[in-house]
Ligand code: PAF
């Protein structure tokens, strides 16, 4: 155990780490009973500035907030051949980030805690789960929603915070919470970007310097698209496509314009421009709001 941490219960102003659902659940329940507001920040670890922003956002929510960060690389949301084994797991660094950001509780379950033998029930994301990211990553969103549902049940938060960087994930979580009557509020936090506009992601660590330079084209394409939104859908997509074409080593998977709930793009109002591309063996995604 590192200094400044406790592994039992809850100690105000100190980081407490739990790995067993049955030990964490009564702690958050008691805190809620005492009038504290539990805010969950679900992560897969490898915490970066984007996650720090989620935590800061959580701490700014009005009320007597107890931020709870979960760190769990969820095997259910990785398809065969994806990066489950090489996904970074720097737990001690992550705990240090949580300590620096004033997190009270961290939940770090093992796979056997979340999916004990015989655990077979899954959440089905529905048709949107097979589109965009779901078309390339079969079963990804069913696995993601299943673990999020479990985390929500274990932690019992008043609020859960998700980044807009994974906009389809955020949309599907909101939908699950609405459709299945989960009693909490979902908050989306705008994407944190590098100086060149590139969205922060744990997977950026896989890129070598040349790939990292080339990957900057994703955010440039989104900016190019939104800058001509007054001229309509076709112009938005053409401008973004033109920018993407300037980096032939970036293999575009999709570039799509949708409405804010990821239905068909509206003639006017709020939309979302989304892109996914492969740079070497790394799959990257990004999105921005666009107004018509
Ligand atoms: O966005 C992530 O890191 C994961 O998809 C989440 C929400 C923690 C579920 O595993």
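In case you wondered, yes, glycine gets a Cβ from its N, Cα and C as well.
The following features are taken from TrEMBL:
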ACT_SITE  51  active site, proton donor
BINDING   44-51, 163-166, 192, 200-203  ATP binding site
BINDING   77  beta-alanine binding site
BINDING   77, 169  (R)-pantoate binding site
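Geometry remark: residue 51 (active site, proton donor) versus residue 202 (ATP binding site), CA distance 10 Å. Residues 44, taken from the recorded positions 44, 47, 51, 164, 192, 202, are distinguished by a CB atom under 6 angstroms from ligand 1. When the binding-site residues 44, 47, 50, 202 are ranked by how far their Cα is from the Cα of residue 169 ((R)-pantoate binding site), 44 comes first. When secondary structure is read from DSSP and collapsed to three states, residue 202 (ATP binding site) falls in the helix class. The Cβ of residue 77 (beta-alanine binding site) lies under 8 Å from the Cβ of 139, 140, 141, 143, 144, 147, each of which sits 6+ residues away along the same chain.
In the three-state DSSP classification, residue 47 (ATP binding site) falls within coil. Just so you know, the Cβ of residue 50 (ATP binding site) picks up 20 other Cβ atoms within 10 Å once every protein chain is counted.
Sequence-distant contacts (6 or more apart, same chain, Cβ under 8 Å) of residue 192 (ATP binding site) comprise 49, 50, 53, 163, 165, 199, 200.
A coil conformation is recorded for residue 192 (ATP binding site) in the three-state DSSP classification, outside any helix or strand. Residue 169 ((R)-pantoate binding site) falls within a helix when secondary structure is assigned with DSSP. Ranking the binding-site residues 44, 47 by other CB atoms within 10 A of the CB puts 44 at the bottom.
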